[in-house]
Amino acid sequence: MLPYIGHNSYQQHQFPLPEMEIPEKWKLSYEQEAITAPACPRCASSNTKFCYYNNYSLSQPRYFCKGCRRYWTKGGSLRNIPVGGGCRKRSRSRQNSHKRFGRNENRPDGLINQDDGFQSSPPGSDIDLAAVFAQYVTDRSPSSTDNTTGSDQDSPITTTTHALESLSWDICQETDVDLGFYGEFNNLTQKTKEDQEVFGQFLQEDREEIFEFQGLLDDKEIQEILECSFSEEPDQLVSQGSFMINGDNWSSTDLTRFGI
């Protein structure tokens with residue numbers, strides 16, 4: 001019986017695998033790439049590394065400097081990316097900014113000087129715009145300089161009061177022309193009312209005299225007198241409304257017809 005030599009014969013007749021040619025740009029491993037990472041173009045630090053993510057082009061690989069914590073691209077310009085560089089690190093950067101400005105030793109010199117200036121300024125140095133405007137108005141008004149002392153002018157309450165008084169004085173001056181016309185009209189109306197009251201008193205007296213002589217006269221004569229008196233009232237009312245004009249002045253009611 002022949003020995004079993006199938007396994008050996010299979011190994012002898014096995015064909016060798018062909019060797020594949022790998023391009024040179026694929027031969028560089030990640031370790032070799034990390035070793036050959038160039039120095040940082042900003043701080044010249046050799047503490048740099050190759051970025052495995054966010055590399056959009058193999059011809060221009062992206063690197064990161066651990067010293068200044070900035071990214072740059074080989075063959076390109078230096079990118080001014082803040083610490084972390086990603087949107088996921090934004091909350092951390094905000095917290096760092098709050099912590100950084102929470103103490104004076106971590107703040108810039110300009111901010112420290114500004115804060116010190118604001119704190120060192122006395123409270124009385126603040127400018128009150130309302131008081132300045134009131135003082136400006138009082139300086140322009142003619143009535144604001146009367147009956148004032150040095151202590152009253154310094155107080156903001158006094159200056160505000162004078163400003164309101166000057167404003168009301170200007171408004172009254174502007175409306176004097178219109179108020180003059182209305183004043184003359186009111187005077188004329190008042191005179192007309194007084195004349196009407198006087199005329200009504202005379203009519204009442206005439207009627208009382210007629211009723212006194214009622215016992216001496218007949219009913220027919222009394223009726224004629226009453227009819228004549230009432231018929232003359234419209235004419236008298238029209239005549240009492242007539243006015244005499246002498247130049248530009250209005251005279252009172254002409255009551256010569258009534259024996260005044």
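The backbone N, Cα and C atoms fix where each Cβ goes, glycine too.
Taken from Swiss-Prot as is:
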type	residues	note
BINDING	Cys40, Cys43, Cys65, Cys68	Zn(2+) binding site
COMPBIAS	87-101	compositional bias 'Basic residues'
REGION	83-124	region 'Disordered'
ZN_FING	38-92	zinc finger
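This view paints the features noted in Swiss-Prot onto the structure.
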| residue | record | Cβ neighbours (10 Å) |
| --- | --- | --- |
| Cys40 | Zn(2+) binding site | 21 |
| Cys43 | Zn(2+) binding site | 14 |
| Cys65 | Zn(2+) binding site | 22 |
| Cys68 | Zn(2+) binding site | 15 |
Sorted by sequence, non-Cys40, Cys43, Cys65, Cys68 residues with Cβ within 8 Å of centre, Zn(2+)
Pro41, Arg42, Ala44, Ser45, Asn47, Thr48, Lys66, Gly67, Arg69, Arg70
